Every structure is written in C-alpha cells, then in structure tokens.
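Asker: Quick one: the structure is below, questions incoming.
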Amino acid sequence: MVLGCLPCCNHNGYQQIGNTDPRFGVRHLQCILVFFGLAVAYSLRVNLSVAIVAMTDRNASNPDFPEFDWNESTKSYLLSSFFWGYVVTQIPGGYLSAIYGAKYMLFYGVLICSCLALLTPFCAVNGGWTVVVVLRAVQGLCQGVIFPSTHTFLSKWAPAEERGRLVGYTYSGSQFGTVVMLSVSGYIASSSLGWPSTFYIPGCVGIVWSFVWLYLCSSTPAQHPTITPNERRFIESSGQARSPSDAGREEQPRPPTPWWRIFTSVPFLVLVLAHCANNWGFWTLLTEIPTFMKNVLGMDIKNNGPLSALPYFAMILLTCVFIWLSDTLKQRGTVIPLGFSRKFFNTLGMWLPMLALIGLGYITEGEANVRLAIGLLTAAVATNSATYLGFHVNHIDLSPNYAGTLMGITNCAANFMSILAPLIVGLIVWDETNPAQWRIVFFFTAFVYFIGNLLFMLFGRTRVQPWNSRPTTRTPSPGGGGERDEGTEDRGPLIGA
C-alpha cells in the first residue's frame, strides 16, 4: 500500500493536492487496520464451511476429536444460517455507523463475532447443531454491520485522489482472510489442535485485533489525536462534500436521513442493480462451479483447500494490478474523466467474468478441460476485483455523508441475490451430470453480468447527489485556507479516485 508514497509538500508546508501521491500517513495506517479487520471477519465467516468436513469425517482430521453425524440437509442449515442474520443488519449497520462512528461499529462487530467463534466448538459438542445454527445466525447479525461501516469509515478517511486505491487495497483484506483460512484449515484440523482450532485461532486473533483497533483508530480525521494538520487538511479539503464531523463540527445535529430521495435517485437505483448483478454472478461461480466440476468434469475441488483458495489469491493479485493500472494512467497525465474510470474498471470486473462463463458453458469432460475450467473459474473470480474501482467505490462518489447507509442498502439487496441464485440453479439443473443444463446456467449468469454493467454504464453517475448536502456553517479548514461550501463541491481526480 505504501509503495510509491513520497513526500510532496509545497512552499507553505501543505501537501499538494493533485496528481502526486502524498507520503505515508495516518490514513494509510487506518486502512491497514481495516484490511486486517476484514481479513479476520472473513476468516470467521468461512471457517465453518472448511471445518465442517473435518467435523463430519474423522478420516479428514485428527480422530481424537468428536465426529458429528450430520446429513446434507443439516449441513445446509449450518452453512446458510450465517446469511440469515447477515442480511438483516446491513441497512442498520450503515445507519448506526454514521451516528455512533464506524470505529465502534467495527470494534463491536469483530469482537462479538470472535467471542462467538470461541463458543462454537463447545456448543457443537454440548448443544447440538441447532444451537450452532443460532450461534451462526447471531454471528451473521454482528458481521452485517462490518461492510457498511467500512464504507462509512473510508468515506471519512480516503481523499478523492486516493479513493479507488485505498478502497481496493482495504477490501482485498476479505480475500486475504479467505485465502489464509481455506489454505491452512485442513492442516490445522489434522494437527494435534484438531478441528476446534479452526474456530479458536481466528477468534483469538479477532479479539486481539479489536483492542488494537480501539486504541489506534478514530472514526474521522478530526478525532484522531496524532494526525498532523497537514494530513488532516489534505483529507478534508480533498474530494467531494465532506461531512460536518470532518471539519471539526461534531456538535452539529445530524439531520434525518433522506430515505425518500435516496430510493428515488436513479444513479443509486442503478448502483443497487449493479451490485445485485455482481453478487448473482460472483456467488454462482463460487457455489455452483465446484458442483459442475465434480459432476460433469469428474473433479472435486470443494475438499481441496489450496485449490479452493486459488481464485481468491488471484483476486488479491489482480486487485493490485488494477490499482497499478489506475495509478499509471493518472501519473502519465491521461485525461480520463472520473465517470469513465469507474465504468471502465466496472466493465472489466463484470464483462470479463461474463466471457469466462460463456467459455465454461462449452467445456466437456477431459483432463485438459479440467485445467481449462479451473483457469476460467480463477480468471472469472479474479477479474471481478476490478469492481472495487467501479461500483464499490461509487457509493462514496454519490454521497460521502451517507456512503455507509448506501452500502448497507445495496449489500442487503445483493445478498438476497446470493441466496436466490443457487435456488434458481436448482430449478434449472435437475440432472447435475448434464452439460446442456449447466450451459443454460452459465449463459443466464453471463446475461445478468451483461445487463448489470450495461445499466451502470448508461445511467451510473459519479457526481455528488443533491440529497447528500447537509445544512452547514462555513468554517475555516484546519490550518487555514479559507471557507468551503460542504454541499456543492464536486471535485475529484481524473483517474483512480
């Protein structure tokens, strides 16, 4: 994250706001902490999906620990229960993070999830699978606040000049946590620690992270005790329509959230559709392709931890590549409008997976085809990371003041797609060994990707929406520099914002 960050100050001591990258500062430390927070959160999210193999098969782990006789129906309840709670708290999470501060919502979200993870082995042995279902649903409730709170946090700390870069690097923490958990869980479960350690280790790490976060983090630059006036000025005077708290006006009463204007905003509604289309395709790839490869191509990758982690690892690498591409275009002075930048990267993130899905539809059985299918699956998932510089960051573009609320709404709707997509696949594919039925699934998912991005290209916007504005008083920014109208500014870099 810090590569290429060099000191760049003008004659009056303030960091320049333009095409040069400012030096490493408090904002980067905050994003590093969020990166590891998301890594912990996602490791807690996927740990049951990898531990359940060891929990139900002594031969797959250390035989000294209990084995559970859970059928496929029970497993499906256990694995889906997390999302029951996760969907519910998306919108409240974004709303509460704007009121009480993203720092505390992230702290309590990760801390409670970590403590519940420590309880899971005990509940599984002594309470049965129904207690674990309830426990996972509560974990989902707590984790539901993390994603929208992260967006609220980044809307305060990420200057427009660095917005795409910081959002991309930060959210790659979710893939990092998934890669680590999928890669090492099999080895841990087979060790002397047994399958309970797949809950204990990330749970303990999460508790440690929570208190480090509580000590080092602040919800806004104005609240951070060690941030320099130069860096605070750079963050607050950069970008689009900062909230009053960023200018040291925490005493200002928070106006009611403009729900009606949000839900009747065409750019926001298109953002919802883009997020839904993305989740439909992404989760179809991750949940159904392993079944296709096992039943049509004869290869089981579900129980192969490193192979299951490959798409996520490639996603981390391509996130860095896309951010590098964005920065390179900016540094070369290429005149590309911000709106075009968002739509260009969103197109890469949704239409490249679309092409991979079309290719998967024509793959038949054969050893060479298995390798090709793994390559297409990895490419489809990895290239989806370009959307971090597309619709993901567009929430902050439209409304820095309500970015967390917007993310809560779109992520809530998108996670319903994550639940609905496998059900639709089940209606289409009634013979899991029939390639023709799978071809329909792949082509339909490719069509969803196509329409979602096409709508974003046609109707997506990057200008701050009128309903973002709040009644404010004019206040000199820290370190001087005059007055600024918070609600009308629509500045931003041409690329990589």
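Any Cβ shown, glycine's included, is placed from N, Cα and C.
Per TrEMBL, domain 'Major facilitator superfamily (MFS) profile' is recorded for 29-464. Per TrEMBL, transmembrane segment is recorded for 32-56, 76-98, 105-127, 133-154, 166-187, 199-216, 259-286, 306-325, 345-364, 370-391, 412-430, 436-460. For 467-497, the entry in TrEMBL reads region 'Disordered'. For 482-497, the entry in TrEMBL reads compositional bias 'Basic and acidic residues'.
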Asker: Find the average pLDDT over the domain 'Major facilitator superfamily (MFS) profile' (29-464) in the predicted model and report it.
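Answerer: Taking every residue in the domain 'Major facilitator superfamily (MFS) profile' (29-464) and averaging pLDDT yields 86.
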Asker: What parts of the chain pack near the transmembrane segment (199-216), using Cβ distances under 8 Å and only residues at least 6 beyond its ends?
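Answerer: Hits for the transmembrane segment (199-216): 29, 33, 36-37, 40-41, 43-44, 47, 51, 103, 106-107, 110-111, 113-118, 120-121, 181, 188, 193.
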Asker: Among 76-98, 259-286, 306-325, 370-391, 412-430, which stretch has the most Cβ pairs under 8 Å to the transmembrane segment (166-187)?
Answerer: 306-325
Asker: Counting Cβ pairs closer than 8 Å, which of 133-154, 259-286, 306-325, 345-364, 370-391 has the most of them with the transmembrane segment (436-460)?
Answerer: 259-286
Asker: Do any residues of this chain, six or more beyond the ends of the transmembrane segment (32-56), have a C-beta under 8 angstroms from a C-beta of it, and if so which?
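Answerer: Result: 1, 62, 66-70, 75, 78-79, 82, 106, 109-110, 113-114, 117, 120, 124, 136, 139, 143, 146, 150, 153-154, 169-178, 180-182, 185-186, 189-190, 194-195, 198-199, 202-203, 205-206, 209, 212-213, 216-217, 303, 305.
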Asker: Would you mind listing the long-range same-chain contacts of the transmembrane segment (259-286), meaning Cβ under 8 Å and 6+ residues beyond its ends?
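Answerer: For the transmembrane segment (259-286), the nonlocal Cβ contacts are 311, 346, 349-350, 353-354, 357, 377, 380-381, 384, 387, 390-391, 394-395, 398-399, 402, 405-406, 409-411, 413-418, 420-422, 425, 441, 445-446, 448-449, 451-453, 455-456, 458-461, 465-467.
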Asker: Which one of these stretches, 76-98, 306-325, 345-364, 412-430, has the most C-beta pairs shorter than 8 Å to the transmembrane segment (370-391)?
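Answerer: Counting Cβ pairs under 8 Å, the winner is 345-364.
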Asker: Can you work out which residues elsewhere in the same chain, 6+ from the ends of the transmembrane segment (412-430), have a Cβ less than 8 Å from its Cβ atoms?
Answerer: 80, 83, 86-87, 90-91, 272, 275-280, 283-284, 287-288, 437-438, 440-441, 444-445
Asker: Same-chain Cβ contacts of the transmembrane segment (133-154) under 8 Å, 6 or more residues past its ends?
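Answerer: Counting only partners 6 or more residues beyond its ends, the transmembrane segment (133-154) has Cβ contacts under 8 Å with 30-31, 34, 37-38, 41, 44-45, 48, 77-78, 81-94, 96-98, 102-103, 105-106, 108-110, 112-113, 116-117, 119-120, 123, 163, 166-167, 170-171, 219, 395-396, 403-408, 411.
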